[in-house]
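Single-structure report; data block below.
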Amino acid sequence: MEAALISTMDVTGGDQKGSPWAQPRMARPREAPPRWSDFQRDLTEERRRAEYDHRRRRIVINVSGLRLETQPDTLARFPDTLLGDPGRRRQYYDAERREYFFDRHRPSAEAILAFYQTGGKLHRPSEVPLDVFTDELRFFELGDDVIANYRRKEGFGAASSQSLAPSACCGKLWLFLEFPKSSLWAKVYAVLCVGFILLSISSLCLETLPSFSERVQDPEVEFTTEFFWIETVCVAWFTLEVVLRFVACPRKKDYFRSVLNVFDVLAIVPYFITVSVVLASDWETSGLYRKASLTLRLMRLVRVLRIFKLSRYSEGLKMMGSTLAGSGSDIGMLLVFMVILVILFASAIYFVEQLQPEDSESHFSSIPDAFWWAIVTMVTLGYGDTYPQTGAGKFVGSLCALAGILTISLPVPVIVTQFDRLYNQKMEKDWEERGKKDATTDDDEEVD
């Protein structure tokens, strides 16, 4: 009987020890092991869902075959533009390819997309012309302010943005004086100015010839020679030009901030000082003019500055001046290095040349006297008036020449790049002005 009870409890899952409180165990169904196909199906479905969510957060822009991807939030930074406004860009959406297609200039596309990604920084690719890139900016509706700032950064629109004088007459006079291409008479005036500048410089050079210099140096006849009258006519023209420019200048306070205007004034001041000294004294008896003759002649050397007036009428000289002004920091760095090397090699050559035998005399009496040798050696001129005589001195001279070549060559690429950028700006500006003239001519022909 007891054995039967134990056997029954074993079958029903009771306690093997026969406890009356033991609960019977329920039989659990076995779960089937996961199949590899089910795992692949779940993984594929998860990937599809992730790809669908990613597509919803991504915009594809196709510009003539160049596919660009970005986020909607990136384009939404500028909602007033074509790409930033979903309603305006909807007309370019290709539902089949799920992308926005634009039949536009491909090289400009990345720069325009970078405008949205960088928060408004616009950089034109170097291989894209200015007018083409400007057309793309207008098509994508980046705004007039963005285009104006971009053109200002590229160096365009400075002349047109300059405010003219309040008076209409002064404004026309300013255009006449500053912009030779504004009218036919402005071109004629520019030609006359160039003629007077060349005449003045030629007179300055010719009066130093031996056949004229002896007669000109005589104070009694100096103010009766043909050179004096040529100088008087030229100074009268330059004075009239300075007065007219100052009267017509839109901003009188900024007039003397221009280097060319300062040169204009300095070029005529020595003439008036010289004439004033002569007229204010009886130089035939007092000899005041003879005492001040050397000083006045040195002051008249400033007349050479008139050569810079040619830059007003030469685009090449303007570009050269702008290049040097834009490369001022690099040129300053070059001068600092040159000064350091000159002092270094001048000191070295002086002490090295002192080691030569006593019967031979050194060409370098002091370190400042060796500065000249160091400079002409570094710029590879080598006049030969002073030179090292010892082997160690020749070695120092070789190092000086090599150091000069390396130092001078460092800022050259920067200066060339600056000049190339300004030259490209000028060519693009001329091309743009030529296009405007052609468009105006075509409109006039259509009206006729």
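Heads up, the Cβ atoms here are built off N, Cα and C, so glycines get one too.
Given the structure is predicted, the values throughout are model-derived calculations rather than measurements.
TrEMBL has this to say about the protein:
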REGION    1-42  region 'Disordered'
COMPBIAS  28-42  compositional bias 'Basic and acidic residues'
DOMAIN    57-157  domain 'BTB'
TRANSMEM  188-209  transmembrane segment
TRANSMEM  229-247  transmembrane segment
TRANSMEM  259-280  transmembrane segment
TRANSMEM  331-352  transmembrane segment
TRANSMEM  364-383  transmembrane segment
TRANSMEM  395-419  transmembrane segment
REGION    429-448  region 'Disordered'
COMPBIAS  429-440  compositional bias 'Basic and acidic residues'
* Asked: Which stretch from 229-247, 259-280, 331-352 shares the most C-beta pairs under 8 Å with the transmembrane segment (364-383)?
  -> 331-352
* To do: With DSSP as the yardstick, break the domain 'BTB' (57-157) down into helix, strand and coil residue counts.
  => 40 helix, 16 strand, 45 coil
* Average the per-residue pLDDT over the domain 'BTB' (57-157) and send me the rounded value. => 86
